Amino acid sequence: NATTSDSIKHSPELHQIQPVKLCVPPSGFIRKLPLHNKEARPSWDSPMQFVLACVSYAVGLGNVWRFPYLCQMHGGGGFLIPYLLMLFLEGIPLFCMELAIGQKMRLGSIGAWTAISPYLGGLGIASVVTSMYLCLYYNVINAWSFWYLFHSFQSVLPWAECPVNANRTGYLEECEVASPTQYFFYRETLNISSSIDENGGLHMGQALCLLLAWIIVYLFIVRGVKSTGMVVYFTATFPYVVLFIYLIRGVTLHGAWNGVKYMFTPKLEQLANPQTWINAATQIFFSLGLGFGSLIAFSSYNHHNNDFEKQAVVISLINSGTSVFASVVTFSIYGFKATFNYESCLERMRLLCLNAFDLSEESISAENVTAWISHLNITHPERFAAIASKIEHCSLEAELDTAVEGTGLAFIVYSEAIKNMPLSQLWSVLYFIMLLLLGMGSMLGNVTAIITPLADIKLLTRFLSSESINGLVCLLCLLLGFGFTSRSGSYWFTIFNEYAATLSLLFIVFIEVISVCYIYGLRRFERDIEDMLGHRPNWYWKVMWAVVSPLLLFSLFIFYIINYIQGGTPTYQAWDKDLVRSGFSNITVY
């Protein structure tokens, strides 16, 4: 129209535009350009979904059963000093680095490292293989949680009492000598063999629970981030609800403050122990889930300008805060259990003295029973000698000093405390639902680390849908995981847990940080971050990436190699049915 024509006529910018000739090649040379990966790739619906997915992945069973054990072993509250230092020197910088790589490359671990350098594709493959190892045995813990959850819906918890013997004249001796909780875990849940050499076939109940666990994992990841993004709202938040309920219940239990006080009483002499610092560094490393490729896979679904730097700090602090929070809950339960065992011991000694000596019922109490035992030993040595073999040394400190980690803490210590609570079935159901959600949340990250690089391979996606690829991965892990449901499967679980990922992950992350800083180039990495965030990383990130984190990782790697060489023949705890105890047996390594 006239108005538009006049405006063009008097526009100095447009007046200078020169006509451009388009050079069109012959039709034989025209090639169809592929869609850019940033546009074609699915994304999280919101940054909150990504944060919750990372929280659900990072906050796992290690926060509940590994961190409290390390606090107990290395000086209670004093352990927080090296733990927090390692968080800022190692954990947060490496966490941020992996998020930056995934968000920039918009690919899984294999594709991302291949894009950085064609020679680094093997680094991504190593991450996928390590995640596969983890998936094989980690979901077995969820199967155990299902087993306990299903058995919680009974009028009397099955680990609260020993089963009767074949003649129905009393309880099984194996259970009486050990304890009902230990018997239920080792004999009913695992039906464990006496050594790793005795296979004994599959435990069908555990095999079905493992099948159920993998079906649920598949349903969670069947549509990739679309289904995972919806699930994490529940898996990331509900465990905190249960932990908060348990906190209220725990601190109101008799003797709970004995455990809380024990945890936060610092033993600063432990700071001079190198092992304390090494365990703090490794706990941060494994708790955040570095090196598996899960963080790279998750962040590859972010939008290009997502603020991963702040998210890395927030997620890392939430993870470490959860460890401390879970420790308060654990030690309140632990204090209740220790106090209950201590007072039960005193009561047994009181009844023993009353029955062996002609004393009035009111003369001996729990407060003075120890003094009475010393007095009777001096005044009636002959009669005391008859009961000397039955005398137990009752000590609350000794009960609290008994360090338990891993499955022993989750399935034995907690179960023993739960059975002594009022409404024990309710607390059991809540606890094992929490364990399931923590385990399932971590499994989402573990499986995503495998399926995302596979989905990036065009040859596979040309013949198989993403649902089919996800299903085949879950099916393969299920079939290989059935070996852990055999009678000797618990021993193989221990071997995989101790050796399948430790050294390999340290090596993988060490090569990652060296590759980014010295092969890809720190300055180039800075420009990539500036492209995404609008500013370059500050001095803290650069110093950690280029100097501090590589030195820490290299030191940890060397320590583990030396420790493994000097450790001699590896051992594992075996349940001896004849001796009815958990003893040590040697593993011959070929």
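Backbone N, Cα and C define each Cβ position, glycine as well.
The Cβ of Ser287 (Na(+) binding site) lies under 8 Å from the Cβ of Ala58, Gly60, Gly62, Asn63, Arg66, Phe67, Gly91, Asn319, Ser320, Ser323, each of these being in the same chain and 6 or more residues away along the sequence. Per TrEMBL, the feature Na(+) binding site maps to Ala58, Val59, Asn63, Ser287, Asn319, Leu438, Ser442.
Beyond the ends of the transmembrane segment (50-68), by six or more residues, the same chain brings 44, 141, 228-229, 232-233, 235-237, 239, 263, 283, 286-289, 294-295, 298-299, 301-302, 306, 311, 314-316, 318-319, 322-324, 326-327, 330-331, 334, 405-407, 409-410, 435, 438-439, 441-442, 444-446 to within a C-beta distance below 8 angstroms of the stretch. Residues annotated as transmembrane segment in TrEMBL: 50-68 (among others).
The transmembrane segment annotation in TrEMBL covers 80-101 (among others). With a cut-off of 8 Å between Cβ atoms, the residues of this chain six or more beyond the transmembrane segment (80-101) that come close are 70-71, 112, 116, 271, 276-277, 280-281, 283-285, 287-288, 290, 295-296, 299, 302, 308-309, 311-313, 315-316, 320, 324, 509, 512-513, 516, 525, 528-529, 532, 540-541, 544-545, 548-549, 552-553.
Residues or ranges marked as transmembrane segment by TrEMBL: 113-140 (among others).
The transmembrane segment feature in TrEMBL is assigned to 203-221 (among others).
Panel annotation: around the transmembrane segment (233-257), residues 49, 52-53, 55-56, 59, 322, 325-326, 328-329, 332-333, 335-336, 338-340, 342-343, 421, 427, 430-431, 433-434, 437-438, 440-441, 444 of the same chain, lying at least six beyond its termini, place a Cβ under 8 Å from a Cβ of the stretch. According to TrEMBL, the feature transmembrane segment maps to 233-257 (among others).
The annotation transmembrane segment is assigned in TrEMBL to 277-301 (among others).
Residues or ranges marked as transmembrane segment in TrEMBL: 313-334 (among others).
A Cβ distance under 8 Å defines the sequence-distant neighbours of the transmembrane segment (429-451), meaning residues of its chain 6+ beyond its ends; these are 53-54, 56-61, 63-64, 108-109, 127-128, 131-132, 134-135, 138-139, 141-142, 145-146, 148-149, 152-153, 213, 216-217, 220-221, 224, 228, 231-232, 234-236, 238-239, 242-243, 245-246, 289, 292-298, 410, 414, 418, 466, 469-470, 473-474, 477. Residues or ranges marked as transmembrane segment by TrEMBL: 429-451 (among others).
Taking Cβ pairs closer than 8 Å, the transmembrane segment (472-493) reaches residues 132, 135-137, 139-140, 143, 190-193, 195-203, 206-207, 210-211, 214, 217-218, 221, 447, 450-451, 454, 464, 572, 574 in its own chain, all 6 or more past its ends. If you look up TrEMBL, you'll see 472-493 (among others) marked as transmembrane segment.
Summarising the annotation, TrEMBL assigns transmembrane segment to 499-522 (among others). Under 8 Å from some Cβ of the transmembrane segment (499-522) lie the Cβ atoms of residues 94, 97-98, 101, 113, 116-117, 120, 123, 126-127, 130, 133-134, 137, 282, 285-286, 290-292, 542, 545-546, 549-550, 553-554, 556-557, 560-561, 564, 570, all in the same chain and six or more residues away from its ends.
Sequence annotations record features per position, and here TrEMBL assigns transmembrane segment to 543-562 (among others).
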In the chain carrying Val59 (Na(+) binding site), residues 6 or more apart in sequence that have Cβ under 8 angstroms from it: Ala236, Pro239, Ile318, Asn319, Thr322, Leu438, Gly441
By the 10 Å Cβ-neighbour count, the most surrounded of the binding-site residues Ala58, Leu438 is Leu438
Same-chain residues at least 6 beyond the ends of the transmembrane segment (113-140) with CB under 8 Å of its CB atoms are 101, 105, 107, 206, 210, 213-214, 217, 291-294, 296, 439, 442-443, 446-447, 449-450, 453, 477, 480-481, 484-485, 489, 492-493, 496-497, 500-501, 504-505, 507-508, 511-512, 515-516, 519-520
Report, as numbers and ranges, which residues of the same chain sit near the transmembrane segment (203-221): CB under 8 Å and 6 or more residues beyond its ends. 139-140, 142-144, 146-147, 150, 189-191, 227-228, 231, 440, 443-444, 447-448, 451, 470-471, 474-475, 477-478, 481-482, 484-487, 489
